[in-house]
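**Q** The following block contains the structure, expressed as structure tokens.
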């Protein structure tokens with residue numbers, strides 16, 4: 001059972017509302033509800049990937065699923081101090097960084113999923129910095145929008161066979 005494409009599409013359906021919230025469009029509670037649902041589904045997908053023998057993808061999904069659940073809690077509870085979210089994002093960033101190298105091809109070349117992991121690493125670093133007041137939430141929003149297409153939509157539709165992987 002390959003849940004990669006549906007999981008990527010599901011994550012995209014959360015990244016965009018969070019980005020729009022940071023741009024001033026939307027409300028925290030509605031966005032928090034979407035984020036909670038997506039976070040829970042990503043954690044379930046992580047379990048299913050693990051059961052299916054894909055431990056690497058499972059680990060990446062667990063890290064990000066936990067981050068999404070933490071973001072959801074912060075939005076729903078109206079937390080003002082987001083350092084706990086930033087700390088979870090830092091862990092997801094470290095894990096994403098290692099996946100840049102784990103997703104290499106059979107001859108050691110970097111793959112499109114390596115590039116996606118670069119994006120996930122940068123995004124989670126940006127989340128960490130926003131939570132500590134060291135980066136603009138608007139810049140994070142634009143990064144989420146750009147990477148939603150580069151790091152989620154393109155690989156999702158490539159996995160479905162609807163278009164080729166860029167490299």
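The backbone N, Cα and C atoms fix where each Cβ goes, and this holds for glycine too.
Dumping what TrEMBL says about this protein:
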type	residues	note
TRANSMEM	6-24	transmembrane segment
TRANSMEM	31-51	transmembrane segment
TRANSMEM	57-77	transmembrane segment
TRANSMEM	84-104	transmembrane segment
TRANSMEM	110-132	transmembrane segment
TRANSMEM	139-163	transmembrane segment
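Map the listed features onto the structure and describe their local environment.
**A** For the transmembrane segment (6-24), the residues of the chain that approach it from at least six positions outside its boundaries are 30-31, 34-35, 38-39, 41-42, 45, 61, 64, 68, 71, 75, 137-138, 140-142, 144-145, 147-148, 152-153, 155-156, 159, judged by C-beta separation under 8 angstroms.
Residues 1, 3, 6-7, 10-11, 13-14, 17-18, 20-21, 57-59, 61-62, 64-76 of the same chain sit 6 or more residues outside the transmembrane segment (31-51) yet have a Cβ under 8 Å from a Cβ within it.
Beyond the ends of the transmembrane segment (84-104), by six or more residues, the same chain brings 56, 59-60, 63-64, 66-67, 70-71, 74, 110-111, 113-114, 116-118, 120-121, 124-125, 127-132 to within a C-beta distance below 8 angstroms of the stretch.
With a threshold of 8 Å between CB atoms, the same-chain residues lying at least 6 positions outside the transmembrane segment (110-132) that come near it are 60, 64, 67, 71, 82-83, 85-87, 89-90, 92-93, 96-97, 99-104, 139-140, 143-144, 147, 150-152, 154-155, 158, 165-167.
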**Q** Using a Cβ cut-off of under 8 Å, list the residues of the same chain at least 6 residues beyond the transmembrane segment (139-163) that approach it.
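**A** Non-local partners: 2, 4-6, 8-9, 11-12, 15-16, 18-23, 112-113, 115-116, 119-120, 122-123, 126-127, 130.
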